[in-house]
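Asker: Under the heading topological domain 'Extracellular', Swiss-Prot lists 29-236, citing sequence analysis as support. The repeat 'LRR 1' feature in Swiss-Prot is assigned to 72-96. The repeat 'LRR 2' annotation in Swiss-Prot covers 97-120. Residues or ranges marked as N-linked glycosylation site in Swiss-Prot: Asn119, Asn143, Asn175, Asn215, Asn219. Annotated repeat 'LRR 3' per Swiss-Prot: 122-144, in sequence order. Annotation source Swiss-Prot lists topological domain 'Cytoplasmic' at 258-589, citing sequence analysis. Residues or ranges marked as phosphotyrosine by Swiss-Prot on the basis of similarity to another entry: Tyr474.
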Amino acid sequence: MGICLMKRCCSWFLLISFLSALTNENEAISPDGEALLSFRNGVLASDGVIGLWRPEDPDPCNWKGVTCDAKTKRVIALSLTYHKLRGPLPPELGKLDQLRLLMLHNNALYQSIPASLGNCTALEGIYLQNNYITGTIPSEIGNLSGLKNLDLSNNNLNGAIPASLGQLKRLTKFNVSNNFLVGKIPSDGLLARLSRDSFNGNRNLCGKQIDIVCNDSGNSTASGSPTGQGGNNPKRLLISASATVGGLLLVALMCFWGCFLYKKLGRVESKSLVIDVGGGASIVMFHGDLPYASKDIIKKLESLNEEHIIGCGGFGTVYKLSMDDGNVFALKRIVKLNEGFDRFFERELEILGSIKHRYLVNLRGYCNSPTSKLLLYDYLPGGSLDEALHKRGEQLDWDSRVNIIIGAAKGLAYLHHDCSPRIIHRDIKSSNILLDGNLEARVSDFGLAKLLEDEESHITTIVAGTFGYLAPEYMQSGRATEKTDVYSFGVLVLEVLSGKLPTDASFIEKGFNIVGWLNFLISENRAKEIVDLSCEGVERESLDALLSIATKCVSSSPDERPTMHRVVQLLESEVMTPCPSDFYDSSSD
């Protein structure tokens, strides 16, 4: 009897174990689990976090980065920010129909946003910024009636902004800045109330939100349906051809009339395009070696127009200001900040104006007007390093590149170690390294990030403006240190050596940025391939030293990065003939 009872117990135990295993297997392959595994299988690389997702696990709710509803056990949040994810977004994500929060920003995801994401009707927040996502914004996102936050900034999106997004009545935050979007910004619903900050960095957008008028041909056409229904319709082509004939006659008449008006009124139209400095404007000069009266400077300011623009950036428009005695200055216009901020702004400018160093662009003074601040800097005829590397026809030889790197390092090191108070730049990039007539580098725009950090618009611009140069921890926390500058400097060195932008298209195709590309080449023992093929006179020993320094600077761990003082020491001892006294040269050329 005991033996029979034991056999029955064993049979029941085996049956219960089998049913339990079957239940666990069914849980592991739930629709939500399958969707997440499809995402995992499509990712080509990561820091290992999603490698812990196992199909045999009984519950995907225990997976890293996954949050489930306590009662329904459905996935409600997927948060995998800054985990070095490289790969496409699979359409299976659309099966997570209870998903409320999708946070995949600060990775290396690419290809397009799946239209199936529009099936996740419970979504309240989509954060895909700082990736390499291409294609158009799916119009299906307009179906997400509960969506509150949508951030697609710092990607490679193209096409028009779908008008369907204007239907999102609960949307409070929207950011598509720094992409390649084109056409007219829809003026439906919330989209009509958004400011310029949501769209910065898309050169071919137009609309009242960014104060750019759309023309009838081109931009407004690009803002049509993103589904591409325009096509080469024969009737449209016929109408277009007929309209062109009449249009040419109209253009000829307009040109004739325009020339007549220009002779009469043209010069009046270009006056005071920069700013009306009358009525309470004052000039503050920091260095006593400028022999100009305030009225002379103000007179020159009033004559500036769009023909004098030499650059535009996240901090403002830059104009070329020529004085009667032949001296030339660069004038940076910063729009008036919030009321009550003037005193702090002026105090900080006094600090910046006291800094003089061979490898920094001198701030000579500023004009305080009722509507804006106009900062007066030394003008450097060599333009920016960005222009020299990527936009001009001439090629920088090896010696010029090395000297530029060393000069930029010395300027940044001076800000970190010899200024009181110390200055963290936060926006080191090639367009902020200016060159004089001898191609000697000077760091510009230092201190401006701190001046404007309390402005919401600036925070958006600074992060967007330096995308590709930003240290990982800065993108994650928003907290800048000297080591975030060191990382950006390391990226700058790689840019100078390679002649490629940090987010060059050749990297994006492989899911890299310039740092990822370097790491890949190092793993393949091909680091030398990073050098620009057009660069002449490359010295192998100097190249090895520069690659070693750059690799240290772009370490993912801030603690492993050298200080800029140490970087200068390495450059002087391993790349050039040591001349340490030059580092502390605070004289201005």
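Every residue gets a Cβ built from N, Cα and C, even glycine.
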Asker: Six or more residues out from either end of the repeat 'LRR 1' (72-96), which same-chain residues have a Cβ under 8 Å from its Cβ atoms?
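Answerer: That would be 31-32, 34-36, 38-39, 42-47, 49-50, 59-61, 65-66, 102-120, 122, 127, 133, 472, 475-476, 511-512, 516.
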Asker: What else in the chain is close to the repeat 'LRR 2' (97-120), if you only count residues 6 or more beyond its ends and a Cβ gap under 8 Å?
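Answerer: Contacts of the repeat 'LRR 2' (97-120) (Cβ under 8 Å, skipping residues fewer than 6 from its ends): 32, 45, 67, 69, 72, 74-91, 126-144, 151-152, 472, 475-476, 508-509, 511-513, 516.
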Asker: Fill in the CA-CA distance, Asn143 (N-linked glycosylation site) to Asn215 (N-linked glycosylation site), as an integer in Å.
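Answerer: A Cα-Cα distance of 30 Å.
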Asker: What is the separation, in Å, between the Cα atoms of Tyr474 (phosphotyrosine) and Asn119 (N-linked glycosylation site)?
Answerer: 33
Asker: Is it possible to get the count of other C-beta atoms within 10 angstroms of the C-beta of Asn215 (N-linked glycosylation site)?
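Answerer: Around the Cβ of Asn215 (N-linked glycosylation site), 11 other Cβ atoms lie within 10 Å.
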Asker: Under DSSP, the repeat 'LRR 2' (97-120) has how many residues in helix, strand and coil?
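Answerer: Result for the repeat 'LRR 2' (97-120), in helix, strand, coil order: 5 helix, 7 strand, 12 coil.
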Asker: Can you see whether DSSP assigns Asn175 (N-linked glycosylation site) to helix, strand or coil?
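Answerer: In three-state terms, Asn175 (N-linked glycosylation site) counts as strand.
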Asker: Looking at Cβ-Cβ distances, which residues of the chain lie under 8 angstroms from Asn119 (N-linked glycosylation site) while being 6 or more apart from it?
Answerer: Gly94, Lys95, Asp97, Glu140, Asn143
Asker: Counting only other Cβ atoms and using a 10 Å cut-off, which of the glycosylation sites Asn143, Asn175 scores lowest?
Answerer: Asn143
Asker: To the nearest whole angstrom, state the Cα distance for the pair Asn215 (N-linked glycosylation site) and Asn175 (N-linked glycosylation site).
Answerer: 24
